[in-house]
Amino acid sequence: MPQLGLLPRRACAALLSQLLRPPCAYSPGVVHCHSQGTRDLSPQQMVVREKVLDLVVSCFKRHGAKGLDTPAFELKELLTEKYGEDSGLIYDLKDQGGELLSLRYDLTVPFARYLAMNKVKKMKRYHVGKVWRRESPTMVQGRYREFCQCDFDIAGQFDSMIPDAECLKIMCEILSGLQLGDFLIKVNDRRIVDGMFAVCGVPESKFRAIGSSIDKLDKMSWKDVRHEMVAKKGLAPEVADQIGDYVQCHGGVTLVEQMFQDPRLSQNKRALEGLEDLKLLFEYLTLFGISEKISFDLSLVRGLDYYTGVIYEAILLQTPAQAGEEPLSVGSVAAGGRYDGLVGMFDPKGHNVPCVGLSIGVERIFSIVEQRMKTSGEKVRTTETQVFVATPQNNFLQERLKLIAELWDAGIKAEMLYKNNPKLLTQLHYCENMGIPLVVIIGEQELKEGVIKLRSVASREEVAIKHENLVAEIRKRLSES
């Protein structure tokens, strides 16, 4: 290696940049890695993803939601100041002499903009789409800079807590359906949080900043959070200690009753409103049969600025500990809350539409499901092909093409090899490797007799079927399997 001191300054800088180049940096003519915090999904991963998304979306539809989609980017001014401290994580697009645009950070703000723009006063919608955040990605926890979100929201003026209770029921149905193991949904209310801060002596101008510190309690110890509030955010130590007494409280409806009796909190009007709503919420959750899954937790704050009422977050109590499986810490797997003031921010006259919703953290769920399949050695079929069209003879391409077209036209999922004269063994091996259950075999003998051989790949049994009965027989076999 040349000594840097003996090289001209420009050559020295060029050499250093070569030596320090990260492994994924651009080099012409080289196969490149994708951008940090993103990933490609293999066909096996796509199967897992589709399975999870199908379950989630079918639950949303069961509850009467309509589908909606919005653009991947929005006007920058519409996104800023909606996310508090997290606004710094928004991806801005390069100014090319037109509108200033940003990639969407979540699906909630675009939904609020849609409601205001189209003057929609009532809607129950679901939306599955990608969002982008410039955070430090930790791949092992299923956190990425580009990821998929699945949202369900109820917009409109309704009687208190009925839509909120349904959102929690949906979260329970999805997490139970995915069989991820035991889970708990923490619930709080933004008005109780603000009331708690007020009675503890937090200046109102610091509510959101202190709230975003408390929101880190699932990742940091109370000692570290307290230090951040006091040293970095200028909170008086005695105020931090009073907050500490509250945020360590969690329980069921009895804790709600207890807080009504709290000498300080019960003096705060907003906190009392929040407690009244939570008491009603627990009544509905009991009727839905899910109250044992819900915990009133005073440490839950949810960092986003737009929440105004009930807030909730689902956590897995542990990743299902199956033999030989590495424990996987995935944090929150679903979250949401009430945001009654967001639509008004987009409406020229400030007309509000009350909203409540939830978001399922599907990327984290994919991580768990993928890891479990890897551990169990479960083989994933990446195609849905039902029938393979084969021949033992040369020069039978025309017959195979006619036969496969017949199957496709009948709605049967079918494949064949793209060769004029494939070997029969090669064709049968392909079926075994791809998990294709049935093979139809056509040759000279079959053509002469007007029959087609139908072979079961698993049992290797073959039967001759009259050509005109083939589709019916295949359907019958598939319905039995």
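Yeah, the Cβs are placed from backbone N, Cα and C, and that goes for glycine too.
All TrEMBL annotations are machine predictions without curation.
Per TrEMBL, L-histidine binding site is recorded for D106, L107, T108, R133, Q149, D153, R302, Y306, Y307. D106 (L-histidine binding site) is surrounded by 20 other CB atoms, counting those within 10 A of its CB over all protein chains shown.
Summarising the annotation, TrEMBL assigns domain 'Aminoacyl-transfer RNA synthetases class-II family profile' to 36-392.
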* **Farthest-apart CA atoms of D106, L107, T108, R133, Q149, D153, R302, Y306, Y307, residues recorded for L-histidine, distance in Å** => 21
* Structure fact -> Neighbour count check, CB within 10 A, over binding-site residues T108, Q149; minimum at Q149
* Looking only at the domain 'Aminoacyl-transfer RNA synthetases class-II family profile' (36-392), what is the mean pLDDT? -> 89
